[in-house]
Amino acid sequence: MAAARARFRSLAWGTLAYTVLVILFGAVVRITGSGAGCGQHWPTCHGEVVPISPTIETVIEFSHRVTSGLCGIIVLALLVAALRGFPRGHAARLGAWLALVFTITEALIGAGLVRFGLVGDNDSVARAIVMAAHLVNTSLLTGALALAAWAANREPGQARGGVSRRVRWLVWASLGGLMLVGISGAVTALGDTLYPVEAGALSERLQRDLGAGAHFLQRLRLMHPVLACGLGFFTAVIAHHLGNAAAPAVRRASAWVMILVFAQLAAGVLNVMLSAPGWMQVLHLGLGTALWVAAVLFSLELLHAQAGPDGHPRPDR
Ligand code: HEM
């Protein structure tokens, strides 16, 4: 049984790592304008199962479909392993079930983007909303996989810790805040793809973005850095405040959250200074995903830590 659980744990971490690569490849599809590489056809590509004489955009879009389809198969294998290795009600099963649900909804959102023509140079409000929903779904998917991997080490029925309602509220508030930052980032990324940032002084760029005739995606550009600085610092402060005097596992997770918040804030500033080149967008999304996963793991450690009389996690367990 112990060997089966160790195998499940490796499979869960491997699935998470592979899913992150697929997410980053999704950004490459957007950046290269390849979302319409298979026309408005889904699941076929230009009406064919395998495209014949494809363009570069078709190769990129088709590869994204194949690699994300493979993700579905791996998540299904993870669920089978969870059902075999863990009893009913175990958190590893919950994580694997949720991962399957969010993989299916991810495929539906991707299909919706293609079937409703929300690709290429479409700059509608509908596309911005679906891109935001896409970001929420990928965050829930990586969160579910992190839960499955984390739970593999836990005994069935292992009790939750007794942290106070205030601590739980702070944990959920910082996760919600990060999700909001991600959503605003996804909308900014769409704006940067459709209305590439022109080089120039920051004040000139701001004037252009907020001036008469600017598209709503340009007007929203300022929102993400403002939200990211405020909510990013909030997340780092919460991680420090709740993780500082806690058990080693909580402290380690809190240190990762703080490191990744500051790395991501620095990457965001660099992104703006360099006018968001494609490679920087991929790096920024990668760091953002790593930060989200670290925040989920920190929250899980914290919510299951044993608490002292003040409701805060205790340093010894
Ligand atoms: C905690 C901090 C931050 C998080 C979690 C975060 C997250 C994100 C996410 C998820 C995206 C969408 C990426 C995509 O879909 O490809 C994004 C885009 C973007 N972010 Fe941030 N961000 C943070 C801080 C910042 C800061 C401080 C700035 C600027 C000063 C910034 C500038 C941008 C820009 C310009 C984009 C659009 C271009 C791109 O996709 O990279 N970000 N961010």
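Using N, Cα and C of the backbone, Cβ positions are placed for all residues, glycine too.
Residues annotated as transmembrane segment in TrEMBL: 12-33 (among others). For the transmembrane segment (12-33), the list of distant contacts is 56-57, 60-61, 63-64, 67-68, 70-71, 74-75, 78, 92, 95-96, 99, 120-121, 138, 141-142, 145-146, 148-149, 152, 189-190, 193, 278, 281-282, 285-286, 289-290, 293: same-chain residues at least six beyond its ends, Cβ to Cβ under 8 Å.
A Cβ distance under 8 Å defines the sequence-distant neighbours of the transmembrane segment (62-83), meaning residues of its chain 6+ beyond its ends; these are 4, 7-8, 11-12, 14-15, 18-19, 21-22, 25-26, 28-29, 34, 37-38, 43, 45, 50-51, 54, 90, 92-93, 95-97, 99-100, 103-104, 106-107, 110, 145, 148. Annotation source TrEMBL lists transmembrane segment at 62-83 (among others).
Marked as transmembrane segment by TrEMBL: 95-118 (among others).
Positions annotated as transmembrane segment by TrEMBL: 124-148 (among others).
According to TrEMBL, the feature transmembrane segment maps to 169-190 (among others).
Annotation source TrEMBL lists transmembrane segment at 222-243 (among others).
Feature annotation from TrEMBL assigns transmembrane segment to 255-276 (among others).
Summarising the annotation, TrEMBL assigns transmembrane segment to 282-303 (among others).
Among residues of the same chain six or more beyond the transmembrane segment (222-243), those with a C-beta under 8 A of the stretch's C-beta atoms are 167, 170-171, 173-174, 177-178, 180-181, 184-185, 187-188, 206, 209-210, 250-251, 253-255, 257-258, 261-262, 264-265, 268, 272, 295, 298, 302, 312-313. Contact between the transmembrane segment (124-148) and the transmembrane segment (282-303) is supported by 3 or more Cβ pairs under 8 Å, counting only residues 6 or more apart in sequence. Here the transmembrane segment (282-303) has Cβ contacts under 8 Å with residues 16, 20, 23-24, 27-28, 31, 138-139, 142-143, 146-147, 150, 160-161, 163, 167-168, 171-172, 174-175, 178, 182, 185, 189, 235, 239, 242-243, 246, 249-250, 253-254, 256-257, 260-261, 263-264, 267-268, 271, 313 of the same chain, all six or more residues outside its ends. Using a Cβ-Cβ cut-off under 8 Å and counting only residues 6 or more beyond its ends in the same chain, the transmembrane segment (169-190) has close neighbours at 27, 30, 127-128, 131-132, 134-136, 139, 217, 220-221, 223-224, 227-228, 231-232, 234-235, 238-239, 241-242, 281, 284-285, 288, 291-292, 295-296, 299, 302-303.
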